[in-house]
Structures are given as structure tokens and as C-alpha cells.
Amino acid sequence: MRFVIITGLSGAGKTQALKAMEDMGFFCIDNFPPALLPKLADLFYHSKNVDKVALGMDLRGGQFFEDIYSSLEFLKKNNYDYEIVFLEASDEVLIKRFKETRRKHPLSEEGRIVDGINEERKRLAEIRKIANSIIDTSNLTSSQLKEELSNIFLKGKKFKGIIIDIMSFGYKYGIPLDADLVFDVRFLPNPFYIEELRPLTGNDDKVKEYVMKWEEAKEFLKKLGDMIKFLIPYYIREGKSQLVIAIGCTGGKHRSVTIANALYEFLKKEDYSVILHHRDIGEE
């Protein structure tokens, strides 16, 4: 489980950072109240469906400071790992950004932006000290900020501009509505009709060996991998940040799971950022 808190100075890019985290497969919530952090942590740390969470937090308010420290203490006591990313920028850049958007700084009571920035720096000094990562966005574009975050949260891999989400599914439960590419692997021999394989899934070695022993399975996987590699640069060129690839068989337990797993491993070796999940593996 990866639990990330994104905070920092107003105008430093928290919203853009959360968008980048979402593109990297994180479940994101903006403007999250610190007092609710313990309940959310309990929920997600016991969930099998979410393994990466990023929360945008505005910590300017007085009560929020007490809430954040007590909430972080709760996480520590319960051995919930978390990371804090603190975003900042120079006074000159922050002033320019506020003027361009014609927004008033939330802490500038008399209307002077620079006074609000100075006050906010003081209030956030303590949380900045305990941050795991501090990013100065003064000279960063949105794409460069995404690159910085990817260097931190994608295990050192270079972010190639797109997240590939591979999903297995069963046609009997419907085609995924969010799929960009759908591949039907029902042409492959079905392990369902092998009695000893029926209760297993494509995550089991016996099923994997059965599916992948056929030449058509090997050839399909090779051609599928080559095609995806060919397409990815063009999707990136069109500005796509996430590509959802759905692979289906009848029930979503055997063939589709095996092929989805194999495609996931292939693209990981190519150093792409890949997410894998099996939508219908628990259905009967």
C-alpha cells in the first residue's frame, strides 16, 4: 500500500500534482480534511481493490494543524506507512501565478499577496520539515512536475508519458466501459473443460502452462505485445495519459487472466508503467 499526502504552498501546484498522481494509477482525493485521515487509512489499508492513494491537503487553517499531527500519529501507531510531498515555489513565481489567475491569496487579509505567502511559509514550516520529498515548482512545467513525481513513485523508472492499465474480464459479465482496446481470447482452448483446471485461475501455474502450451497463444501474445509497443507513442502524441487494455474470455478466470498476466510482464520488462487487475476473477 502506498499512501501519499500532497501539501505545500498555495499556488505551488498541488492540483497539478494530484492530476499527475492520478495518471500514475493513484486513487486521488483533493482538499481532504486531515481529521478524516485515520478512517480513510483504515478503509484503504484493508481494501484489496486500492493499493495507491494520494491525498491533497490544505493545512493553512489553525485546527488543521492539530488534526494533521494527531492523524499522522495514528498512522504511525498502526504501522500505516505514509509519505509526505511538499510543494513550494519562489515568492516571485507565486506572486506571478496569483496575478495571472486574479485570485486572492487565502492568507492575505489586506490583499497583499506577498504578505499571505510569508504567513503561509511560517505556518507550513513544521510540516515541511517532516516531508519525505520537497519539490520546488518555480521552473517546472506540468509535464516536468509529473516527471519529478514519477521519479519518486514509479520505483525509479522513467515515466514515458502514459500509464497502461491491463484488465482481464469475462464476456458473460459485460465488456468494460472504460476500455480503449478490447481483445477477445476465446479462440484459445478453454481450461474450463479440464476438470482439474476448472476451479483454478490464470494466476495458477497449471492453468498458465495449459494456455501457453498452444502455438496460437504464443503467437498471439507476441503479436499483441508488438502492436501495443507500436501504438503507445502515437497515443502519447495525442495527449493520452492512460491506456486501458481489456482482455476477455468467457468467464474472466482462465484464458484472459493468463494472457493479461503475460502482457503485463512483457510491458514491465519494456520499462513501461503498467497496472494489472482481474475484474471478474472472483465471479461465479
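Each residue, glycine too, has its Cβ placed from N, Cα and C.
The model shown is predicted, which means the values in this text are computed figures rather than measured ones.
Proximity of ALA12 (ATP binding site) to non-local residues of its own chain (separation of 6 or more, Cβ distance below 8 Å) is seen for LEU87, GLU88, ALA89, LEU94, THR137, given in sequence order. Following the DSSP three-state reduction, the secondary structure of ALA12 (ATP binding site) is coil. What Swiss-Prot records for GLY8, LEU9, SER10, GLY11, ALA12, GLY13, LYS14, THR15 is ATP binding site, and it gives sequence analysis as the kind of evidence.
According to Swiss-Prot, the feature GTP binding site maps to ASP58, LEU59, ARG60, GLY61. In the three-state DSSP reading, ASP58 (GTP binding site) counts as coil.
Surrounding the centroid of the Cβ atoms of GLY8, LEU9, SER10, GLY11, ALA12, GLY13, LYS14, THR15, where the record places ATP, the chain contributes additional residues within 8 Å, namely ALA17, LEU87, GLU88, ALA89, THR137.
Distance noted between the C-alpha atoms of LYS14 (ATP binding site) and ASP58 (GTP binding site) is 9 Å. In this structure the alpha carbons, written CA, of THR15 (ATP binding site) and ASP58 (GTP binding site) are 11 Å apart. Taking CA atoms as the reference points, SER10 (ATP binding site) and ASP58 (GTP binding site) are 8 Å apart. By the criterion of other Cβ atoms within 10 Å of the residue's own Cβ, the least surrounded of the binding-site residues GLY8, GLY11, GLY13 is GLY13.
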